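Chemist: Relevant sequence annotations retrieved from TrEMBL are reproduced here:
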ACT_SITE  LYS307  active site, proton acceptor
BINDING   SER189, CYS222, PRO223, GLY224, GLY225, ASP241, ASP261, ASP278  S-adenosyl-L-methionine binding site
DOMAIN    1-70  domain 'RlmM ferredoxin-like'
DOMAIN    84-165  domain 'Ribosomal RNA large subunit methyltransferase M THUMP-like'
DOMAIN    187-281  domain 'Ribosomal RNA methyltransferase FtsJ'
Amino acid sequence: MRQLLLYCRAGFEKECAAEIQDKAGQQGVAGFCKLSNNSAFVIFEAYDSESLASFYRDYDFDKLIFARQWCLLVDEKLELDPADRVSAVVQAALGAELRNLGELRVEYPETNDGKTLSTLARKFTVPLRQALRQCGVLLKKENQRAPVLHLFMLSGKEAYLGLSYPENNSPLENGIMRLKFPSEAPSRSTLKLEEAFIQFIPKDEWETRLASGMNAVDLGACPGGWTYQLVKRSMMVVAIDNGMMADSLMDTGQVKHYQVDGFKYTPDKKNVYWLVCDMIEKPQRVGDLVCDWLINGWCQESIFNLKLPMKKRYETVAEVLEAMQQKLKEAGLRVRFQAKHLYHDREEVTVHVCKA
Ligand SMILES: C[S@@+](CC[C@H](N)C(=O)[O-])C[C@H]1O[C@@H](n2cnc3c(N)ncnc32)[C@H](O)[C@@H]1O
């Protein structure tokens, strides 16, 4: 197995490729990427299968920003006969000596064409799972600790077959976190912060880290989608933006709105836990600002978006994160960083940083 399949947002194949090549390269895994624009996936082919296997096993998937999911390809592209798709998959799995896998996911690229495969993928899952169980490729019962088999359908006639490890993959179908838009929220942006909380903060820590009564500051808050997520968790929010906040949020009594510049606002007291920031600004400027908040002790944790430039998007994100880490280290702060191109993000990535 010399190839990794990485799923990403359509239009971000170059970023996904630049990142995997950079990060695998740093671990001594040389290779090249195969991609086509707007396909929503990338294949990374390593020159050496053993080093790829250990990279895939040991490198923390959560450190990848642009990949939503990754799996090791077990074979070249499979040809599927629409009259009997099951046999080709079973043969390929047996040929690769796959045994005792815990789960089957039939997936597809998140493109307009890809999405038309969702019904087929759902219907095909049932007979394929049954056949794979009968021949021992899959365990008789779903097991969330055993490896996952991915059939990534490119069309009704072609697919890739891959393998991932549940301790180091995305647990989500297609790597996508689907969330329902809360009708009371003033903007769809609300889903970005909701997804970020789920992605970055373990559920069993929500009671202490997303607790009611906490103070939060939201820079670039209007009309209030992010503030809504904080208010919903019974926090007190200072919303900074020259625009207008939704009345429904102001009516809660939990929000103070100041129409001032987010780069100039400083809190009166050091009682703010969360700083969130969705201002449309140069990523370097936002990175510097968040560092200042942490260094001055004005917040404990932050979630913010880095709006991506038109070109060199991966390189820009990597540079900004590197500069932030350096600045915080020089100030003697130990922090943890996580960054992800979330499903609800567009031309931006979401970053979480907290004091270690
Ligand atoms: C993408 S919108 C924020 C959407 C918001 N997070 C929500 O969920 O509704 C960006 C906001 O940043 C604000 N903004 C941009 N630069 C700013 C600055 N220097 N200070 C304060 N707000 C700023 C804009 O007025 C705009 O409302």
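Note that the numbers count up from 1, one per residue, in the order the chain is shown.
In case you wondered, yes, glycine gets a Cβ from its N, Cα and C as well.
Please treat TrEMBL annotations as automatic predictions, because they have not gone through curation.
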Chemist: I'd like to know which of these binding-site residues, ASP241, ASP261, ASP278, is least surrounded, judged by other CB atoms within 10 A.
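Modeler: Comparing Cβ neighbour counts within 10 Å for the binding-site residues ASP241, ASP261, ASP278 gives ASP261.
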Chemist: Kindly report the helix/strand/coil residue split of the domain 'RlmM ferredoxin-like' (1-70) according to DSSP, in that order.
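Modeler: When I sort the residues of the domain 'RlmM ferredoxin-like' (1-70) into the three classes, I find 27 helix, 18 strand, 25 coil.
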Chemist: So among the binding-site residues PRO223, GLY224, GLY225, who's got the most Cβ atoms within 10 Å?
Modeler: GLY224
Chemist: By the DSSP assignment reduced to helix, strand and coil, which category contains the residue listed as 'active site, proton acceptor'?
Modeler: strand
Chemist: Please list residues from the chain of CYS222 (S-adenosyl-L-methionine binding site) whose Cβ is under 8 angstroms from its Cβ, counting only those at least six apart in sequence.
Modeler: ALA239, ASP241, ASN242, GLY243, MET244, MET245
Chemist: In sequence order, which same-chain residues at least six apart have a C-beta under 8 angstroms from SER189 (S-adenosyl-L-methionine binding site)?
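Modeler: Residues satisfying the criterion: GLY225, TRP226, ASP278.
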Chemist: Report the DSSP secondary-structure composition of the domain 'Ribosomal RNA methyltransferase FtsJ' (187-281) as helix, strand and coil residue counts.
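Modeler: Here the numbers are 30 helix, 20 strand, 45 coil.
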Chemist: The residue listed as 'active site, proton acceptor' has how many other Cβ neighbours within 10 Å of its own Cβ?
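Modeler: Taking all protein chains shown, the residue listed as 'active site, proton acceptor' has 17 Cβ neighbours within 10 Å.
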Chemist: Between ASP261 (S-adenosyl-L-methionine binding site) and LYS307 (active site, proton acceptor), how far is it from one CA atom to the other, in Å?
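Modeler: Approximately 18 Å lies between the Cα of ASP261 (S-adenosyl-L-methionine binding site) and that of LYS307 (active site, proton acceptor).
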Chemist: Which numbers of helix, strand and coil residues does DSSP report for the domain 'Ribosomal RNA large subunit methyltransferase M THUMP-like' (84-165)?
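Modeler: Computed counts for the domain 'Ribosomal RNA large subunit methyltransferase M THUMP-like' (84-165) are 32 helix, 21 strand, 29 coil.
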Chemist: At the level of the C-alpha atoms, what whole-angstrom distance separates PRO223 (S-adenosyl-L-methionine binding site) and LYS307 (active site, proton acceptor)?
Modeler: 18
